[in-house]
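Now, the feature entries from TrEMBL:
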- 1-30: region 'Disordered' (REGION)
- 29-220: domain 'CheB-type methylesterase' (DOMAIN)
- Ser41: active site (ACT_SITE)
- His70: active site (ACT_SITE)
- Asp162: active site (ACT_SITE)
- 235-444: domain 'CheR-type methyltransferase' (DOMAIN)
Amino acid sequence: MASERVTNKDSLQPLPPPLNCGDPSEQTPEASFPVVGIGASAGGLAAFEAFFSGMPADTDTGMAFVLVQHLAPDHKSLLCSLIQRCTRMQVFEVEDGMCVQPNCTYIIPPNRDMAFLNGTLQLLEPSSPRGHRLPIDFLFRSLAHDQRERAIGIVLSGTGSDGTLGVGAIKGEGGLVIAQNPASAEYDGMPRSALATGLVDYELPPAEMPAQLVAYAARAFARPARPDPVHTLKTEGALKKIFVVLRSQTGHDFSQYKPSTINRRIERRMAVHQIEAIDSYVKYLQQTPQEVESLFRDLLIGVTSFFRDPEAFAALAEKAVPRLFADKPAGAVIRVWSTGCSTGEEAYSLAIILQEYLQAIKQRYTVQVFATDIDSRAIATARSGLYPASIAADVSPERLKRFFTAEADGGAYRIHKGIRDLMVFSEQDVIKDPPFSRLDLISCNFSKSAGMTVR
C-alpha cells in the first residue's frame with residue numbers, strides 16, 4: 001500500500017475541537033454502543049480518507065470505528081496520521097487489550113490480526129497455515145459474536161473476497177452491512193464479493209456512508225420509552241398486518257415466530273429506511289414488493305459456514321457416521337436430510353464427511369443428502385456450489401484440494417461434481433410441508449429458526 005496516493009489536506013477547513021473518549025487503557029470493558037468495523041485492501045487509503053472526510057464535523061456519533069487494512073508485515077501504516085487529519089475523534093493504533101470507547105477510531109497495527117472480545121481489541125500474531133490471511137473476516141466475525149445487532153461492517157476498496165464471510169456473520173446477528181459502490185472503488189473485488197451475498201443494506205461511495213450511518217444509528221439505537229398499553233395494542237395489530245403482507249407475497253406464515261425475534265428484524269428494517277412508526281412501515285411494505293422480499297430474507301438470515309461447529313462435525317465423523325453405515329449392508333442407500341441448509345455450506349460439509357468415510361472403508365453405498373430451506377435464493381446459491389475464496393479460513397487445505405476446484409480468476413471455489421451429485425436441494429418449509437421419509441440421519445444444526453415456535 002506504500003504507493004497509494006494521499007490527498008493533500010492543506011486546503012481542508014479546520015476541524016472542531018476533538019472529541020475526548022478518555023484513556024482507552026483505563027476504561028471498563030463494555031461496548032453498549034455501535035461498533036463499526038471497516039475493512040479495505042488495495043485502494044483503501046483513498047477510501048478511508050473519503051469516509052472520514054465525509055463525517056459530519058458537528059456530530060457526536062456515539063460509535064466506535066475499528067479499521068483493518070491489508071498491509072505487508074514490514075510496512076508502516078499511514079492510516080493513523082491520515083485519519084487524524086480528517087476527524088476530530090481521537091485516533092489510536094491498537095495495543096493489545098485496548099478497551100473500545102465511542103467517538104474513537106482504532107487502527108490495526110502492521111503484522112497483526114485483531115479480534116473484538118468483551119469490549120476490548122485483542123491482537124494476535126498472524127497464523128496462516130493455509131497461506132491465506134483474512135484479517136477483515138477475522139475482525140467482522142468476532143465483532144458479530146460480541147456486539148450482535150450493534151455490529152456494523154463496512155467493506156471498502158480491495159481485491160479478493162476478504163470481508164465476505166464476516167458480512168454474513170454480522171447480518172446473521174442482526175447487524176448492519178455497508179459496501180462501497182464498485183464504481184467509486186479503485187479496486188472493486190471486495191465490494192463486489194460482499195454485494196454478491198445479497199446481504200448488503202447500503203451500497204454507497206465512502207463519502208456518503210457517515211451520514212447514512214448516523215441516521216441509521218439515531219433510529220436503530222435510540223432508547224425507546226416504555227410503551228403504554230394503547231401503543232402495545234397498536235403494534236400488535238400492525239404486526240398482524242405485516243404477517244398478512246408477508247404471507248400474501250411469499251406464501252410463508254411468520255406468525256409462529258417469537259415476537260422478540262420478529263420485532264428486532266422489523267425494527268432493523270425500519271431503521272434502514274428511517275421509518276419511525278410501524279403503521280408507516282406497514283404502508284411501505286404494501287407499496288414496495290422489494291421491501292417485502294428484504295424483510296423476508298432478514299427474518300431467515302442465520303450464521304452459516306463450512307464445518308461451522310468443528311467439535312460437532314468431528315463427533316459426527318467419529319461416532320455417528322460409522323454407526324450409520326454399520327447398520328446397512330454394502331450397496332444400500334443412505335438417506336440424510338439437512339434442514340434449514342441456507343446457502344448450503346453445512347449440507348456440503350455433511351456430504352464431505354460422508355464421502356470421506358466411504359473412501360476410507362472402500363465400500364460402495366448410494367448416499368443421498370436432501371438439503372432444504374425456506375429461502376429460494378439461498379437454495380439457488382447452494383445448488384451452484386460456488387463460494388468465495390475466503391472459505392479457505394474454514395476448510396482445510398486437504399479438503400480444498402480433494403473436494404473443491406479453484407475458479408480461473410482465483411476469486412472462488414466450486415464444490416466438485418462428485419459431491420454435488422450426492423445432493424438434492426429443494427425449497428421447503430419444515431412447519432407446513434411434509435418431511436422426507438425413510439431417513440437414516442437428520443441434521444438440524446442451524447440458528448436462524450432458533451426464535452421460531454410451532455403451535
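Yeah, the Cβs are placed from backbone N, Cα and C, and that goes for glycine too.
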Just the number: how many Å between the Cα atoms of Asp162 (active site) and His70 (active site)?
-> 10
Note the mean pLDDT of the domain 'CheB-type methylesterase' (29-220), expressed as a whole number.
-> 89
Set of same-chain residues at least 6 away whose C-beta sits under 8 angstroms from Ser41 (active site) | Gln69, His70, Ser157, Gly158, Thr159, Gly160, Asp162, Tyr187, Met190
Taking DSSP three-state, what's Ser41 (active site) in: helix, strand or coil?
-> coil
Around Asp162 (active site), how many other CB atoms lie within 10 A of its CB?
-> 30
Ten-angstrom check, please: count other Cβ atoms within 10 Å of the Cβ of His70 (active site), all chains counted.
-> 21
